[in-house]
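Here's what Swiss-Prot has on this protein:
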- 11-193: domain 'tr-type G' (DOMAIN)
- ASP23, HIS24, GLY25, LYS26, SER27, THR28, ASN140, LYS141, ILE142, ASP143: GTP binding site (BINDING)
Amino acid sequence: MNNEERLERQKNIRNFSIIAHIDHGKSTLADRILENTKSVETRDMQAQLLDSMDLERERGITIKLNAVKLKYEAKNGESYIFHLIDTPGHVDFSYEVSRSLAACEGAILVVDAAQGIEAQTLANVYLALDNDLELLPVVNKIDLPAAEPERVKQELEDVIGIDQDDVVLASAKSNIGIDEILEKIVETIPAPSGDPSAPLKALIFDSEYDPYRGVISSIRIVDGVVKAGDKIKMMASGKEFEVTEVGINTPKQLPVDELTVGDVGYITASIKNVDDSRVGDTITHADQPAEQPLKGYKKMNPMVYCGLFPIDNKKYNDLREALEKLQLNDASLEFEPETSQALGFGFRTGFLGMLHMEIIQERIEREFGIELIATAPSVIYECILKNGDKVIVDNPSKMPERDQIEEIYEPYVRATIMVPNDYVGAVMELCQRKRGQFINMDYLDDIRVNIIYDIPLSEVVFDFFDQIKSNTKGYASFDYELTGYKESNLVKMDILLNGDKVDALSFIVHKEFAYERGKALVERLKTLIPRQQFEVPVQAAVGQKIVARTNIKSMGKNVLSKCYGGDISRKRKLLEKQKAGKAKMKAVGNVEIPQDAFLAVLKMDED
(Lines of atoms letter the chains of each structure in order from A and count residues from 1; the text may use other names and numbers.)
(Lines give C-alpha, C1' and ligand atoms only; values in the text may rest on other atoms or scores of the structure.)
Protein backbone atom coordinates (compact mmCIF):
# COMPACT_ATOMS: atom_id res chain seq x y z
CA MET A 1 0.00 0.00 0.00
CA ASN A 2 1.40 3.45 -0.85
CA ASN A 3 0.97 6.55 1.31
CA GLU A 4 -1.96 7.97 -0.69
CA GLU A 5 -3.91 4.73 -0.26
CA ARG A 6 -3.03 4.71 3.42
CA LEU A 7 -4.31 8.28 3.85
CA GLU A 8 -7.51 7.42 1.96
CA ARG A 9 -8.06 4.38 4.19
CA GLN A 10 -7.29 6.45 7.30
CA LYS A 11 -10.28 8.74 6.61
CA ASN A 12 -12.61 5.78 7.13
CA ILE A 13 -11.16 4.52 10.42
CA ARG A 14 -13.04 5.14 13.67
CA ASN A 15 -11.47 4.22 17.02
CA PHE A 16 -13.76 4.26 20.03
CA SER A 17 -14.38 2.65 23.38
CA ILE A 18 -17.53 2.16 25.43
CA ILE A 19 -17.58 3.70 28.90
CA ALA A 20 -20.27 3.18 31.51
CA HIS A 21 -20.94 2.57 35.17
CA ILE A 22 -20.84 -1.10 36.14
CA ASP A 23 -24.02 -2.94 35.03
CA HIS A 24 -25.34 -0.32 32.60
CA GLY A 25 -25.13 -2.75 29.68
CA LYS A 26 -21.70 -2.05 28.21
CA SER A 27 -20.73 -5.63 27.32
CA THR A 28 -24.22 -6.31 25.87
CA LEU A 29 -23.92 -3.22 23.65
CA ALA A 30 -20.48 -4.44 22.50
CA ASP A 31 -22.08 -7.83 21.65
CA ARG A 32 -24.81 -6.12 19.57
CA ILE A 33 -22.28 -3.96 17.70
CA LEU A 34 -20.28 -7.11 16.85
CA GLU A 35 -23.45 -8.85 15.64
CA ASN A 36 -24.82 -5.94 13.61
CA THR A 37 -21.53 -5.35 11.81
CA LYS A 38 -21.49 -9.12 11.05
CA SER A 39 -18.04 -9.33 12.61
CA VAL A 40 -18.75 -12.61 14.34
CA GLU A 41 -20.34 -15.75 12.90
CA THR A 42 -23.71 -16.41 14.53
CA ARG A 43 -22.44 -19.79 15.77
CA ASP A 44 -19.48 -18.13 17.54
CA MET A 45 -21.65 -15.51 19.19
CA GLN A 46 -22.09 -15.77 22.94
CA ALA A 47 -23.03 -13.27 25.63
CA GLN A 48 -20.14 -11.11 26.86
CA LEU A 49 -18.07 -12.18 23.84
CA LEU A 50 -15.22 -9.78 24.60
CA ASP A 51 -14.99 -10.92 28.23
CA SER A 52 -12.67 -13.82 27.51
CA MET A 53 -11.80 -14.79 31.10
CA ASP A 54 -14.07 -17.37 32.79
CA LEU A 55 -13.96 -15.18 35.85
CA GLU A 56 -15.40 -12.22 33.88
CA ARG A 57 -18.32 -14.32 32.68
CA GLU A 58 -19.10 -15.78 36.09
CA ARG A 59 -19.12 -12.43 37.83
CA GLY A 60 -20.72 -10.67 34.84
CA ILE A 61 -18.07 -7.95 34.90
CA THR A 62 -15.32 -6.80 32.56
CA ILE A 63 -11.84 -6.91 34.09
CA LYS A 64 -9.41 -6.69 31.17
CA LEU A 65 -9.73 -4.34 28.26
CA ASN A 66 -10.15 -5.95 24.84
CA ALA A 67 -9.75 -4.57 21.30
CA VAL A 68 -11.49 -5.76 18.11
CA LYS A 69 -11.57 -4.67 14.48
CA LEU A 70 -14.99 -4.45 12.78
CA LYS A 71 -16.06 -3.60 9.22
CA TYR A 72 -19.17 -1.47 8.69
CA GLU A 73 -20.99 -0.55 5.47
CA ALA A 74 -22.49 2.88 6.16
CA LYS A 75 -25.68 4.27 4.62
CA ASN A 76 -23.58 6.70 2.54
CA GLY A 77 -22.27 3.65 0.64
CA GLU A 78 -18.74 3.81 2.07
CA SER A 79 -17.02 1.05 3.96
CA TYR A 80 -15.59 1.90 7.40
CA ILE A 81 -13.16 0.20 9.77
CA PHE A 82 -14.13 0.39 13.44
CA HIS A 83 -11.80 -0.46 16.29
CA LEU A 84 -13.82 -1.11 19.42
CA ILE A 85 -11.85 -1.15 22.66
CA ASP A 86 -13.94 -2.62 25.47
CA THR A 87 -13.27 -1.28 28.97
CA PRO A 88 -14.12 -2.31 32.54
CA GLY A 89 -16.53 -0.24 34.64
CA HIS A 90 -15.52 -1.01 38.22
CA VAL A 91 -13.70 1.70 40.18
CA ASP A 92 -10.73 -0.62 40.87
CA PHE A 93 -10.06 -0.93 37.14
CA SER A 94 -10.12 2.73 36.20
CA TYR A 95 -6.50 2.44 34.99
CA GLU A 96 -7.71 -0.09 32.39
CA VAL A 97 -10.20 2.54 31.23
CA SER A 98 -7.54 5.25 30.97
CA ARG A 99 -5.38 2.89 28.89
CA SER A 100 -8.24 2.18 26.49
CA LEU A 101 -9.09 5.84 26.10
CA ALA A 102 -5.50 6.75 25.23
CA ALA A 103 -5.89 4.61 22.08
CA CYS A 104 -9.19 6.20 20.90
CA GLU A 105 -10.64 9.35 19.32
CA GLY A 106 -14.11 8.89 20.72
CA ALA A 107 -16.15 7.14 23.37
CA ILE A 108 -19.72 5.86 23.56
CA LEU A 109 -21.08 6.92 26.93
CA VAL A 110 -23.71 4.40 28.04
CA VAL A 111 -26.21 5.38 30.74
CA ASP A 112 -28.95 3.12 32.10
CA ALA A 113 -32.44 4.58 31.43
CA ALA A 114 -33.65 3.43 34.85
CA GLN A 115 -30.60 4.28 37.00
CA GLY A 116 -29.46 7.51 35.34
CA ILE A 117 -26.00 8.99 35.79
CA GLU A 118 -23.96 7.31 38.53
CA ALA A 119 -20.70 8.14 40.25
CA GLN A 120 -18.46 6.14 37.92
CA THR A 121 -20.24 7.45 34.83
CA LEU A 122 -18.94 10.88 35.83
CA ALA A 123 -15.45 9.63 36.69
CA ASN A 124 -15.18 8.01 33.24
CA VAL A 125 -16.55 11.09 31.47
CA TYR A 126 -13.82 13.22 33.07
CA LEU A 127 -11.21 10.66 31.97
CA ALA A 128 -12.55 10.83 28.40
CA LEU A 129 -12.53 14.64 28.40
CA ASP A 130 -8.94 14.65 29.72
CA ASN A 131 -8.04 12.60 26.63
CA ASP A 132 -9.93 15.06 24.33
CA LEU A 133 -12.38 12.41 23.14
CA GLU A 134 -15.67 13.03 21.33
CA LEU A 135 -18.55 11.65 23.40
CA LEU A 136 -21.48 9.80 21.83
CA PRO A 137 -24.18 9.56 24.53
CA VAL A 138 -26.48 6.50 24.55
CA VAL A 139 -29.36 5.94 26.97
CA ASN A 140 -29.62 2.15 27.19
CA LYS A 141 -32.32 -0.25 28.50
CA ILE A 142 -35.21 2.01 27.35
CA ASP A 143 -37.52 -1.05 27.23
CA LEU A 144 -37.31 -1.62 31.00
CA PRO A 145 -40.57 -0.99 32.89
CA ALA A 146 -38.73 1.45 35.18
CA ALA A 147 -37.02 3.31 32.33
CA GLU A 148 -37.29 7.11 32.25
CA PRO A 149 -35.30 8.07 29.13
CA GLU A 150 -36.51 11.70 29.07
CA ARG A 151 -35.43 12.29 32.68
CA VAL A 152 -32.01 10.74 31.97
CA LYS A 153 -31.57 12.89 28.83
CA GLN A 154 -32.32 15.96 30.93
CA GLU A 155 -29.81 14.74 33.53
CA LEU A 156 -27.09 14.31 30.87
CA GLU A 157 -27.68 17.91 29.80
CA ASP A 158 -27.73 19.32 33.36
CA VAL A 159 -24.83 17.37 34.83
CA ILE A 160 -22.44 16.83 31.90
CA GLY A 161 -23.64 19.50 29.46
CA ILE A 162 -24.55 17.15 26.59
CA ASP A 163 -27.15 18.42 24.10
CA GLN A 164 -30.32 16.30 24.40
CA ASP A 165 -30.66 16.10 20.60
CA ASP A 166 -27.35 14.20 20.40
CA VAL A 167 -28.53 11.42 22.72
CA VAL A 168 -29.39 8.05 21.13
CA LEU A 169 -32.11 5.99 22.83
CA ALA A 170 -31.37 2.28 22.66
CA SER A 171 -31.84 -1.15 24.15
CA ALA A 172 -28.84 -3.38 23.53
CA LYS A 173 -30.72 -6.42 24.78
CA SER A 174 -33.65 -5.98 22.35
CA ASN A 175 -31.46 -4.62 19.51
CA ILE A 176 -33.24 -1.23 19.46
CA GLY A 177 -31.29 1.82 18.24
CA ILE A 178 -28.10 -0.09 17.38
CA ASP A 179 -28.11 0.94 13.69
CA GLU A 180 -28.48 4.57 14.72
CA ILE A 181 -25.48 4.21 17.05
CA LEU A 182 -23.38 2.77 14.20
CA GLU A 183 -24.29 5.71 11.93
CA LYS A 184 -23.54 8.19 14.74
CA ILE A 185 -20.08 6.62 15.20
CA VAL A 186 -19.32 7.47 11.55
CA GLU A 187 -20.70 11.02 11.90
CA THR A 188 -19.45 12.15 15.31
CA ILE A 189 -16.18 10.36 16.02
CA PRO A 190 -13.25 11.91 14.12
CA ALA A 191 -10.89 9.89 11.91
CA PRO A 192 -7.36 9.41 13.30
CA SER A 193 -4.98 12.27 12.55
CA GLY A 194 -1.47 11.03 11.88
CA ASP A 195 1.10 10.85 9.11
CA PRO A 196 1.92 7.45 7.57
CA SER A 197 5.20 8.82 6.14
CA ALA A 198 6.44 10.14 9.52
CA PRO A 199 8.71 8.03 11.79
CA LEU A 200 6.83 5.22 13.52
CA LYS A 201 5.09 5.98 16.81
CA ALA A 202 2.91 3.28 18.37
CA LEU A 203 1.41 3.26 21.86
CA ILE A 204 1.44 -0.04 23.78
CA PHE A 205 -1.89 -0.09 25.61
CA ASP A 206 -1.94 -3.73 26.70
CA SER A 207 0.26 -6.80 26.64
CA GLU A 208 -0.02 -10.49 27.36
CA TYR A 209 2.43 -13.34 27.59
CA ASP A 210 2.39 -16.37 25.30
CA PRO A 211 4.81 -19.18 26.22
CA TYR A 212 5.61 -19.83 22.50
CA ARG A 213 5.63 -16.37 20.92
CA GLY A 214 6.82 -14.34 23.89
CA VAL A 215 5.15 -11.03 24.70
CA ILE A 216 2.22 -10.01 22.50
CA SER A 217 1.72 -6.23 22.71
CA SER A 218 -1.55 -4.52 21.77
CA ILE A 219 -0.69 -1.29 20.00
CA ARG A 220 -2.32 1.76 18.45
CA ILE A 221 -0.37 3.29 15.54
CA VAL A 222 -0.23 7.09 15.82
CA ASP A 223 2.31 7.84 13.03
CA GLY A 224 4.16 5.71 10.48
CA VAL A 225 3.86 2.06 9.41
CA VAL A 226 5.11 -1.20 10.94
CA LYS A 227 5.63 -4.57 9.18
CA ALA A 228 7.08 -7.97 10.06
CA GLY A 229 10.88 -7.87 9.74
CA ASP A 230 11.18 -4.22 10.92
CA LYS A 231 13.74 -3.40 13.61
CA ILE A 232 11.90 -1.65 16.44
CA LYS A 233 12.98 0.13 19.59
CA MET A 234 11.12 0.68 22.87
CA MET A 235 11.54 4.36 23.70
CA ALA A 236 11.40 4.01 27.49
CA SER A 237 13.77 1.07 27.89
CA GLY A 238 15.87 1.64 24.74
CA LYS A 239 15.76 -2.12 23.93
CA GLU A 240 15.68 -3.18 20.25
CA PHE A 241 13.84 -6.14 18.68
CA GLU A 242 12.90 -7.54 15.29
CA VAL A 243 9.17 -7.75 14.55
CA THR A 244 8.07 -11.35 13.86
CA GLU A 245 4.35 -10.71 13.25
CA VAL A 246 1.83 -7.89 13.11
CA GLY A 247 -1.91 -8.48 13.09
CA ILE A 248 -5.40 -7.47 14.13
CA ASN A 249 -8.00 -8.89 16.52
CA THR A 250 -11.27 -9.95 14.96
CA PRO A 251 -11.77 -11.06 18.10
CA LYS A 252 -9.36 -13.88 17.08
CA GLN A 253 -5.79 -12.88 16.20
CA LEU A 254 -5.25 -12.56 12.45
CA PRO A 255 -1.80 -11.73 10.96
CA VAL A 256 -1.68 -8.91 8.35
CA ASP A 257 1.06 -7.40 6.11
CA GLU A 258 1.30 -4.05 7.86
CA LEU A 259 -0.26 -1.80 10.49
CA THR A 260 -0.55 1.88 9.60
CA VAL A 261 -1.90 5.13 11.10
CA GLY A 262 -5.08 4.64 13.13
CA ASP A 263 -4.78 0.85 13.21
CA VAL A 264 -5.29 -0.97 16.48
CA GLY A 265 -3.64 -4.38 16.42
CA TYR A 266 -0.96 -6.51 17.98
CA ILE A 267 2.76 -7.03 17.44
CA THR A 268 5.15 -9.84 18.42
CA ALA A 269 8.93 -9.54 18.37
CA SER A 270 10.29 -12.52 20.34
CA ILE A 271 10.27 -10.38 23.48
CA LYS A 272 10.90 -12.79 26.32
CA ASN A 273 11.09 -10.42 29.26
CA VAL A 274 7.98 -8.82 30.66
CA ASP A 275 9.75 -5.57 31.56
CA ASP A 276 10.83 -4.93 27.95
CA SER A 277 7.29 -4.28 26.74
CA ARG A 278 5.73 -2.05 29.37
CA VAL A 279 2.22 -0.74 28.91
CA GLY A 280 2.33 3.00 28.11
CA ASP A 281 5.67 2.80 26.27
CA THR A 282 6.12 4.04 22.68
CA ILE A 283 7.44 1.77 19.90
CA THR A 284 9.47 3.38 17.11
CA HIS A 285 11.87 2.20 14.36
CA ALA A 286 15.43 1.53 15.50
CA ASP A 287 17.03 3.08 12.39
CA GLN A 288 14.71 6.11 12.07
CA PRO A 289 13.40 6.79 15.59
CA ALA A 290 10.75 9.37 16.49
CA GLU A 291 12.07 12.37 18.43
CA GLN A 292 9.55 12.37 21.26
CA PRO A 293 7.68 9.44 22.82
CA LEU A 294 3.89 9.65 23.05
CA LYS A 295 2.35 10.95 26.23
CA GLY A 296 1.76 7.72 28.17
CA TYR A 297 -0.82 7.58 30.92
CA LYS A 298 -0.24 8.07 34.57
CA LYS A 299 0.98 4.99 36.38
CA MET A 300 -1.57 3.76 38.87
CA ASN A 301 -0.10 3.17 42.30
CA PRO A 302 -1.43 0.38 44.48
CA MET A 303 -3.78 1.49 47.24
CA VAL A 304 -3.95 -1.74 49.24
CA TYR A 305 -1.25 -4.19 50.27
CA CYS A 306 -1.60 -7.72 51.59
CA GLY A 307 0.66 -10.72 52.12
CA LEU A 308 0.14 -13.72 49.83
CA PHE A 309 1.63 -16.99 51.09
CA PRO A 310 1.46 -20.42 49.42
CA ILE A 311 -0.13 -23.02 51.73
CA ASP A 312 2.53 -25.43 50.43
CA ASN A 313 5.88 -23.69 51.06
CA LYS A 314 7.50 -25.60 48.18
CA LYS A 315 5.35 -23.57 45.77
CA TYR A 316 7.06 -20.27 46.64
CA ASN A 317 8.86 -20.07 43.26
CA ASP A 318 5.68 -21.03 41.38
CA LEU A 319 3.91 -18.15 43.12
CA ARG A 320 6.68 -15.74 42.03
CA GLU A 321 6.26 -16.89 38.40
CA ALA A 322 2.47 -16.57 38.61
CA LEU A 323 2.74 -13.00 39.92
CA GLU A 324 5.29 -12.10 37.22
CA LYS A 325 2.97 -13.36 34.46
CA LEU A 326 -0.05 -11.53 35.88
CA GLN A 327 2.03 -8.37 36.27
CA LEU A 328 2.69 -8.36 32.53
CA ASN A 329 -0.96 -7.61 31.72
CA ASP A 330 -1.52 -5.67 34.87
CA ALA A 331 0.88 -2.77 35.22
CA SER A 332 -0.55 -1.77 38.59
CA LEU A 333 0.25 -5.03 40.39
CA GLU A 334 3.35 -4.80 42.58
CA PHE A 335 5.01 -7.44 44.75
CA GLU A 336 8.14 -8.04 46.80
CA PRO A 337 9.25 -11.03 48.89
CA GLU A 338 8.33 -11.06 52.58
CA THR A 339 8.70 -13.55 55.42
CA SER A 340 6.34 -14.09 58.29
CA GLN A 341 7.05 -16.14 61.42
CA ALA A 342 3.54 -17.52 61.25
CA LEU A 343 3.26 -18.20 57.52
CA GLY A 344 6.80 -18.67 56.18
CA PHE A 345 7.85 -17.20 52.81
CA GLY A 346 5.51 -15.25 50.56
CA PHE A 347 5.05 -11.89 48.85
CA ARG A 348 3.81 -8.48 49.96
CA THR A 349 1.51 -7.60 47.08
CA GLY A 350 -0.01 -4.24 46.12
CA PHE A 351 -3.47 -3.87 44.54
CA LEU A 352 -5.77 -1.07 43.39
CA GLY A 353 -8.62 -2.13 45.64
CA MET A 354 -10.41 -5.08 47.16
CA LEU A 355 -12.06 -6.35 43.96
CA HIS A 356 -8.67 -6.25 42.23
CA MET A 357 -7.19 -8.22 45.14
CA GLU A 358 -9.92 -10.88 45.01
CA ILE A 359 -9.59 -11.25 41.24
CA ILE A 360 -5.80 -11.69 41.38
CA GLN A 361 -6.08 -14.25 44.20
CA GLU A 362 -8.74 -16.16 42.30
CA ARG A 363 -6.68 -16.10 39.09
CA ILE A 364 -3.58 -17.44 40.90
CA GLU A 365 -5.60 -20.28 42.41
CA ARG A 366 -7.38 -21.13 39.14
CA GLU A 367 -4.85 -20.49 36.42
CA PHE A 368 -1.72 -21.58 38.29
CA GLY A 369 -3.19 -24.08 40.78
CA ILE A 370 -1.51 -22.54 43.86
CA GLU A 371 -3.51 -22.53 47.09
CA LEU A 372 -2.99 -19.29 49.00
CA ILE A 373 -3.33 -17.79 52.45
CA ALA A 374 -3.86 -14.04 52.30
CA THR A 375 -3.28 -11.74 55.26
CA ALA A 376 -5.57 -8.83 56.05
CA PRO A 377 -5.04 -5.97 53.59
CA SER A 378 -3.56 -2.68 54.80
CA VAL A 379 -2.94 0.73 53.24
CA ILE A 380 0.32 2.72 53.20
CA TYR A 381 1.02 4.89 56.26
CA GLU A 382 3.75 7.49 56.69
CA CYS A 383 5.53 7.83 60.04
CA ILE A 384 7.75 10.75 61.03
CA LEU A 385 10.14 9.55 63.73
CA LYS A 386 11.46 11.63 66.62
CA ASN A 387 14.90 11.72 64.97
CA GLY A 388 13.31 13.32 61.87
CA ASP A 389 13.40 10.23 59.62
CA LYS A 390 10.37 9.39 57.49
CA VAL A 391 9.27 5.74 57.30
CA ILE A 392 6.76 4.30 54.81
CA VAL A 393 4.74 1.46 56.36
CA ASP A 394 2.89 -0.92 54.01
CA ASN A 395 2.90 -3.79 56.48
CA PRO A 396 1.64 -3.37 60.07
CA SER A 397 4.40 -5.63 61.42
CA LYS A 398 7.00 -3.08 60.17
CA MET A 399 5.48 -0.21 62.16
CA PRO A 400 8.12 1.40 64.43
CA GLU A 401 7.54 1.35 68.22
CA ARG A 402 5.14 4.03 69.45
CA ASP A 403 7.78 5.79 71.58
CA GLN A 404 9.94 6.41 68.48
CA ILE A 405 7.13 8.02 66.48
CA GLU A 406 6.49 11.76 66.41
CA GLU A 407 3.56 11.80 63.92
CA ILE A 408 1.63 9.29 61.81
CA TYR A 409 -0.12 10.18 58.55
CA GLU A 410 -2.71 8.09 56.74
CA PRO A 411 -4.08 8.36 53.17
CA TYR A 412 -7.48 10.01 52.66
CA VAL A 413 -9.82 9.74 49.71
CA ARG A 414 -12.48 12.09 48.38
CA ALA A 415 -15.56 9.86 48.16
CA THR A 416 -18.42 10.85 45.84
CA ILE A 417 -21.62 9.02 46.71
CA MET A 418 -24.78 9.36 44.63
CA VAL A 419 -27.81 8.33 46.59
CA PRO A 420 -31.64 8.65 46.48
CA ASN A 421 -33.09 11.26 48.87
CA ASP A 422 -34.57 8.71 51.26
CA TYR A 423 -31.18 7.25 52.16
CA VAL A 424 -29.15 10.41 52.75
CA GLY A 425 -29.31 10.00 56.54
CA ALA A 426 -28.14 6.38 56.48
CA VAL A 427 -25.20 7.18 54.18
CA MET A 428 -24.10 10.21 56.21
CA GLU A 429 -24.24 8.17 59.41
CA LEU A 430 -22.09 5.46 57.80
CA CYS A 431 -19.54 8.07 56.64
CA GLN A 432 -19.36 9.59 60.13
CA ARG A 433 -18.83 6.15 61.63
CA LYS A 434 -15.97 5.63 59.19
CA ARG A 435 -14.29 8.85 60.48
CA GLY A 436 -15.41 10.79 57.40
CA GLN A 437 -15.29 14.60 57.12
CA PHE A 438 -18.30 16.16 55.37
CA ILE A 439 -17.33 18.32 52.37
CA ASN A 440 -20.40 19.02 50.26
CA MET A 441 -23.85 17.93 49.17
CA ASP A 442 -25.73 18.86 45.94
CA TYR A 443 -29.17 17.85 44.76
CA LEU A 444 -28.89 16.60 41.15
CA ASP A 445 -32.68 16.64 40.79
CA ASP A 446 -35.60 16.18 43.15
CA ILE A 447 -34.78 12.53 43.85
CA ARG A 448 -31.00 12.16 43.87
CA VAL A 449 -28.25 13.70 45.94
CA ASN A 450 -24.51 13.80 45.41
CA ILE A 451 -22.70 13.60 48.79
CA ILE A 452 -18.97 14.28 49.07
CA TYR A 453 -16.88 13.19 52.06
CA ASP A 454 -13.18 12.90 52.85
CA ILE A 455 -12.67 9.46 54.40
CA PRO A 456 -9.52 7.58 55.45
CA LEU A 457 -8.64 5.05 52.75
CA SER A 458 -8.29 2.30 55.35
CA GLU A 459 -12.00 2.70 56.19
CA VAL A 460 -13.09 2.67 52.53
CA VAL A 461 -10.95 -0.15 51.31
CA PHE A 462 -12.53 -3.17 52.99
CA ASP A 463 -16.30 -3.31 52.79
CA PHE A 464 -17.42 0.32 52.55
CA PHE A 465 -18.91 -0.25 49.09
CA ASP A 466 -20.92 -3.27 50.31
CA GLN A 467 -22.12 -1.37 53.37
CA ILE A 468 -23.25 1.59 51.27
CA LYS A 469 -25.15 -0.79 48.99
CA SER A 470 -26.83 -2.56 51.91
CA ASN A 471 -27.74 0.74 53.64
CA THR A 472 -29.42 2.04 50.47
CA LYS A 473 -31.00 -1.22 49.20
CA GLY A 474 -28.45 -1.20 46.36
CA TYR A 475 -29.43 2.23 44.97
CA ALA A 476 -26.30 4.20 45.82
CA SER A 477 -23.23 4.42 43.60
CA PHE A 478 -19.77 5.32 44.73
CA ASP A 479 -16.46 6.54 43.35
CA TYR A 480 -13.30 7.77 45.04
CA GLU A 481 -9.93 9.34 44.34
CA LEU A 482 -6.90 9.74 46.55
CA THR A 483 -6.49 13.28 47.91
CA GLY A 484 -3.37 13.01 50.08
CA TYR A 485 -2.23 12.28 53.63
CA LYS A 486 -3.53 13.67 56.93
CA GLU A 487 -2.18 13.32 60.46
CA SER A 488 -4.03 10.76 62.56
CA ASN A 489 -3.91 9.21 66.02
CA LEU A 490 -3.14 5.62 65.05
CA VAL A 491 -1.77 2.68 67.00
CA LYS A 492 -0.59 -0.79 66.05
CA MET A 493 -2.51 -3.66 67.56
CA ASP A 494 -0.80 -7.02 68.02
CA ILE A 495 -2.59 -10.31 68.56
CA LEU A 496 -0.92 -12.78 70.94
CA LEU A 497 -1.78 -16.47 70.84
CA ASN A 498 -0.46 -18.40 73.79
CA GLY A 499 1.76 -15.42 74.64
CA ASP A 500 3.38 -15.27 71.15
CA LYS A 501 2.79 -12.42 68.71
CA VAL A 502 1.29 -13.55 65.39
CA ASP A 503 2.81 -11.03 62.98
CA ALA A 504 0.29 -11.81 60.22
CA LEU A 505 -2.64 -10.79 62.46
CA SER A 506 -1.27 -7.33 63.43
CA PHE A 507 -3.21 -4.32 62.16
CA ILE A 508 -3.23 -0.54 62.50
CA VAL A 509 -6.26 1.11 64.09
CA HIS A 510 -7.38 4.55 65.28
CA LYS A 511 -6.70 4.88 69.01
CA GLU A 512 -10.34 5.72 69.74
CA PHE A 513 -11.51 2.35 68.36
CA ALA A 514 -8.62 0.22 69.68
CA TYR A 515 -10.49 -1.25 72.65
CA GLU A 516 -13.67 -2.24 70.80
CA ARG A 517 -11.79 -3.55 67.76
CA GLY A 518 -9.45 -5.59 69.97
CA LYS A 519 -12.34 -7.02 71.98
CA ALA A 520 -14.34 -7.90 68.85
CA LEU A 521 -11.34 -9.57 67.22
CA VAL A 522 -10.31 -11.79 70.15
CA GLU A 523 -13.92 -12.96 70.51
CA ARG A 524 -14.05 -13.73 66.82
CA LEU A 525 -10.72 -15.59 66.86
CA LYS A 526 -12.00 -17.65 69.77
CA THR A 527 -14.71 -19.07 67.51
CA LEU A 528 -12.42 -19.54 64.50
CA ILE A 529 -9.31 -21.19 65.97
CA PRO A 530 -9.89 -24.88 66.71
CA ARG A 531 -9.56 -26.04 70.33
CA GLN A 532 -6.14 -27.44 71.21
CA GLN A 533 -5.03 -30.07 73.74
CA PHE A 534 -4.26 -27.19 76.12
CA GLU A 535 -5.92 -23.89 76.99
CA VAL A 536 -4.84 -21.04 74.68
CA PRO A 537 -5.12 -17.39 75.79
CA VAL A 538 -5.94 -14.96 72.93
CA GLN A 539 -4.88 -11.38 73.69
CA ALA A 540 -5.00 -8.05 71.86
CA ALA A 541 -2.22 -5.64 72.82
CA VAL A 542 -1.30 -2.05 72.01
CA GLY A 543 2.41 -1.76 72.79
CA GLN A 544 2.87 -3.45 76.19
CA LYS A 545 -0.73 -2.93 77.25
CA ILE A 546 -3.22 -5.81 76.88
CA VAL A 547 -6.58 -4.30 75.89
CA ALA A 548 -8.64 -7.50 75.51
CA ARG A 549 -8.32 -11.18 76.37
CA THR A 550 -10.23 -14.41 76.08
CA ASN A 551 -9.34 -18.11 76.40
CA ILE A 552 -9.85 -20.96 73.97
CA LYS A 553 -10.77 -23.87 76.24
CA SER A 554 -8.74 -27.07 75.95
CA MET A 555 -10.14 -30.26 74.50
CA GLY A 556 -10.66 -32.71 77.33
CA LYS A 557 -9.23 -36.12 76.51
CA ASN A 558 -10.47 -38.89 78.76
CA VAL A 559 -7.23 -40.67 79.76
CA LEU A 560 -9.13 -42.81 82.25
CA SER A 561 -11.26 -44.55 79.63
CA LYS A 562 -8.93 -47.59 79.54
CA CYS A 563 -8.66 -47.77 83.33
CA TYR A 564 -11.47 -50.08 84.44
CA GLY A 565 -12.20 -49.90 88.20
CA GLY A 566 -8.89 -50.36 90.01
CA ASP A 567 -6.85 -48.28 92.35
CA ILE A 568 -7.37 -44.52 92.74
CA SER A 569 -3.58 -43.97 92.75
CA ARG A 570 -3.39 -45.52 89.27
CA LYS A 571 -5.97 -43.00 88.01
CA ARG A 572 -4.14 -40.15 89.73
CA LYS A 573 -0.89 -41.20 88.06
CA LEU A 574 -2.52 -41.11 84.60
CA LEU A 575 -4.02 -37.66 85.26
CA GLU A 576 -0.66 -36.31 86.53
CA LYS A 577 1.03 -37.68 83.41
CA GLN A 578 -1.55 -35.96 81.19
CA LYS A 579 -1.07 -32.68 83.07
CA ALA A 580 2.72 -32.84 82.58
CA GLY A 581 2.26 -33.65 78.88
CA LYS A 582 -0.06 -30.66 78.44
CA ALA A 583 2.39 -28.33 80.19
CA LYS A 584 5.15 -29.48 77.83
CA MET A 585 2.89 -29.09 74.80
CA LYS A 586 1.95 -25.61 75.91
CA ALA A 587 5.61 -24.64 76.23
CA VAL A 588 6.25 -25.46 72.57
CA GLY A 589 2.62 -24.49 71.88
CA ASN A 590 2.11 -24.49 68.15
CA VAL A 591 -1.42 -23.31 67.41
CA GLU A 592 -2.81 -24.09 63.97
CA ILE A 593 -4.45 -20.95 62.58
CA PRO A 594 -7.06 -21.33 59.80
CA GLN A 595 -7.25 -18.86 56.85
CA ASP A 596 -10.55 -17.41 58.17
CA ALA A 597 -8.70 -16.10 61.21
CA PHE A 598 -6.52 -13.81 59.05
CA LEU A 599 -9.60 -12.38 57.37
CA ALA A 600 -11.37 -11.88 60.70
CA VAL A 601 -9.39 -8.65 61.06
CA LEU A 602 -11.50 -7.24 58.20
CA LYS A 603 -14.87 -8.41 59.30
CA MET A 604 -14.97 -6.68 62.68
CA ASP A 605 -17.14 -3.81 61.49
CA GLU A 606 -19.98 -6.14 60.67
CA ASP A 607 -20.40 -7.27 64.26
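Including glycine, each Cβ sits where the backbone N, Cα and C put it.
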*When DSSP states are folded down to helix, strand and coil, where does ASN140 (GTP binding site) land?*
strand
*Mind checking which of SER27, ASN140 has the fewest other CB atoms within 10 A of its CB? They're the binding-site residues.*
SER27
*Out of ASP23, GLY25, ILE142, which of the binding-site residues is least crowded by other Cβ atoms within 10 Å?*
ASP23
*Restricting attention to the domain 'tr-type G' (11-193), give the mean pLDDT.*
74
